[in-house]
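Copied over from Swiss-Prot:
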BINDING   H194, H196, E201, H243  Zn(2+) binding site
Amino acid sequence: MEVRFAMHPSQFKALTTEQIRKEFLIENLFEYGKINMVYTHVDRVIVGSAVPTVEALVLEDGSQIGAQYFLERREIGIINIGSRGYVIADGQKFELDKKDGLYVGMSTKKLEFGSDDPSNPAKFYFVSTPAHKQYPTEKIDIKQTEATHLGSLSESNERTIYKYIHPDGVKSCQLVMGMTILEPNNVWNTMPCHLHDRRMEVYFYFDMPEDAFVLHLMGEPNETRHIIVRNEQAVISPSWSIHSGVGTKNYTFIWAMAGENQSYSDISPVPMKELK
């Protein structure tokens, strides 16, 4: 498990392009037959992936996080971005098609990932956060999520937001997770942008051709920087940073938040004229 440390915004604005990428961009997440994870000290979130092929993959024990098993004091949200697969949580099997999700509650001792077709495997993206109580493990069908259609073609941001894990749906201790799908010919996300001082966020971009990318904007509103993000890469966004992007074509991204609360209304909009 790779470890990333937190950073003060005054340090961030002095970083080079390569330093920004090293600290905040998560590359090479998906490897066949492996589980990969990054632990960020920003709200102690773990971002990871699993690509099971011939054999199922078992989430490692909790030794790296000071626990007897991985979910001893954690919860986890999982979304499949690949072909059909399954997750087994303490013996209970959940079949997941592409874009289906799963919330697994604290105290689940064993978590396994598998693919129906090893030659065309499932690709599980997951985010885990600390937890203080056990909520029920629950499958999330994208067709049954709360969906909100926003934006317009004239603003190049027509999109649908699907809420997977949130207070009015599948409940959790602190994890909030969902997916945003941009319509064809639409390329902007989260603009006008905002901040949420009491929550961090991770954006994971996918469903892009290999030669496409998203110009992801981050930093304080008056000290913005950018990261070139390609298919199936993620960006860690501290609470002091905006998180917005524009792509060379339309794309999909999974967003996940953790922190002090789960309130969507607890944000600070950033006026467009203040961006620099």
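Positions of Cβ are set from backbone N, Cα and C atoms, glycine also.
The structure, with features from Swiss-Prot marked on it.
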residue	record	contacts (Cβ under 8 Å, 6+ apart)
H194	Zn(2+) binding site	I242, I267, S268, P269, V270
H196	Zn(2+) binding site	S239, M257, G259, D266, I267, S268
E201	Zn(2+) binding site	S237, H243, W255, A256, M257
H243 (Zn(2+) binding site) CB neighbourhood, other CB atoms within 10 A: 23
DSSP three-state assignment (helix, strand or coil) for H194 (Zn(2+) binding site): strand
Cβ-centroid neighbourhood (8 Å) of the Zn(2+) site, H194, H196, E201, H243 excluded: T190, C193, L195, R199, S237, S239, S241, I242, M257, I267
